[in-house]
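Novice: Have a look at the structure that comes next, please.
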Amino acid sequence: MVDINSSESSATYFILIGLPGLEEAQFWLAFPLCSLYLIAVLGNLTIIYIVRTEHSLHEPMYIFLCMLSGLDILISTSSMPKMMAIFWFNSTTIQFDACLVQMFAIHSLSGMESTVLLAMAFDRYVAICHPLRHATVLTLPRVAKIGMAAVVRGAALMAPLPVFIKRLPFCSSNILSHSYCLHQDVMKLACADIRVNVIYGLIVIISAIGLDSLLISFSYLLILKTVLGLTREAQAKAFGTCVSHVCAVFIFYVPFIGLSMVHRFSKRRDSLLPVIMANIYLLIPPVLNPIVYGVKTKEIRQRILRLFLTTTHTSDH
């Protein structure tokens with residue numbers, strides 16, 4: 001049950017279940033999850049290091065990729081250490097304010113990543129549909145401003161969420177059904193009207209994720225229209241520059257939309273499906289994005305191989 005302050009009914013801490021129904025297996029499941037987390041951090045740090053040290057990669061597409069990698073590291077780090085503490089040390093308690101901080105971090109970073117994916121789609125649109133204007137439209141200072149706009153937009157959209165949670169009374173249970181704090185999960189514990197939270201959550205999804213995905217789709221329709229008018233060789237080159245980004249878009253949006261749908265329509269709080277989808281949403285994109293860009297992007301792949309060969313040669317001596 002929840003801790004109750006003397007003046008009002010409010011939670012002082014929450015209990016994170018982890019994986020409902022799999023408590024006995026959590027200790028062993030933590031090992032592959034931790035391995036995936038380390039792969040995600042190492043892979044994204046490698047991307048950032050390569051782009052930072054290779055002056056030929058100081059172009060908008062790769063700078064946006066660095067932003068994406070940085071956000072992937074922060075998103076996975078905002079949840080995985082606590083998740084490992086739950087699985088390995090049964091540290092299921094999280095203080096109320098810490099829960100709000102984690103919730104804000106996860107949601108705001110997700111909003112920032114969606115904006116960066118939109119910026120990457122715009123970069124591909126200008127590069128393919130208006131190649132002569134690409135250097136003047138997407139200058140490095142302008143790319144930096146887009147990155148700052150992504151941070152401000154994500155933080156501003158999600159800033160009201162902790163405030164809306166803070167005003168709610170919690171007087172029945174403080175047990176969360178996930179491995180980390182999500183707005184959808186926390187608000188369902190309140191013993192008060194949560195319509196404001198629900199409505200604002202829908203507004204955020206529509207104005208951020210919904211709008212971004214719509215604009216990304218529209219940009220690729222324009223790209224497809226342009227590419228179909230090119231020669232076969234030019235078509236292959238144009239599609240080759242877009243494949244990695246399209247994969248990153250699907251890797252990010254499909255789990256997010258699936259998780260949102262499950263939260264909207266799932267009636268059982270002890271269901272394992274939303275918990276697994278929530279873990280996939282925060283862990284799989286950071287793991288897969290550097291792999292996709294490493295395999296599909298020639299410039300990144302060549303420099304990773306060069307870095308690996310250099311490291312191997314140095315260790316041999």
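Backbone N, Cα and C atoms are what each Cβ position is placed from, and that goes for glycine too.
Heads up, here are the entries from TrEMBL:
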TRANSMEM  27-50  transmembrane segment
DOMAIN    43-293  domain 'G-protein coupled receptors family 1 profile'
TRANSMEM  62-80  transmembrane segment
TRANSMEM  100-122  transmembrane segment
TRANSMEM  143-165  transmembrane segment
TRANSMEM  198-224  transmembrane segment
TRANSMEM  236-256  transmembrane segment
TRANSMEM  276-295  transmembrane segment
Novice: Six or more residues out from either end of the transmembrane segment (276-295), which same-chain residues have a Cβ under 8 Å from its Cβ atoms?
Specialist: 19, 33, 36-37, 39-41, 43-44, 46-47, 65, 68-69, 72-73, 75-76, 78-80, 83, 106, 113, 178-180, 182, 244, 247-248, 251-252, 255-256, 258-259, 262, 301, 304
Novice: Top stretch among 100-122, 143-165, 236-256 for CB pairs under 8 A with the transmembrane segment (62-80)?
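Specialist: Top-ranked stretch among 100-122, 143-165, 236-256: 100-122.
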Novice: Counting only residues 6+ away from its ends, which parts of the chain sit with a Cβ under 8 Å from the transmembrane segment (100-122)?
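Specialist: Hits for the transmembrane segment (100-122): 61, 64-65, 67-68, 71-72, 74-75, 78-79, 82, 94, 146-147, 149-151, 153-155, 157-159, 161-162, 165-166, 180-183, 186, 204, 208-209, 212-213, 215-216, 219-220, 245, 248-249, 252-253, 256, 282, 285.
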Novice: So which residues does the transmembrane segment (236-256) touch in its own chain, when a touch means Cβ under 8 Å and the partner is 6 or more beyond its ends?
Specialist: 61, 68, 110, 113-114, 117, 120-121, 124, 127-128, 209, 213, 216, 220, 223, 226-227, 230, 277, 280-281, 284-285, 288-289, 292-293, 296-298
Novice: Restricting attention to the domain 'G-protein coupled receptors family 1 profile' (43-293), give the mean pLDDT.
Specialist: 90
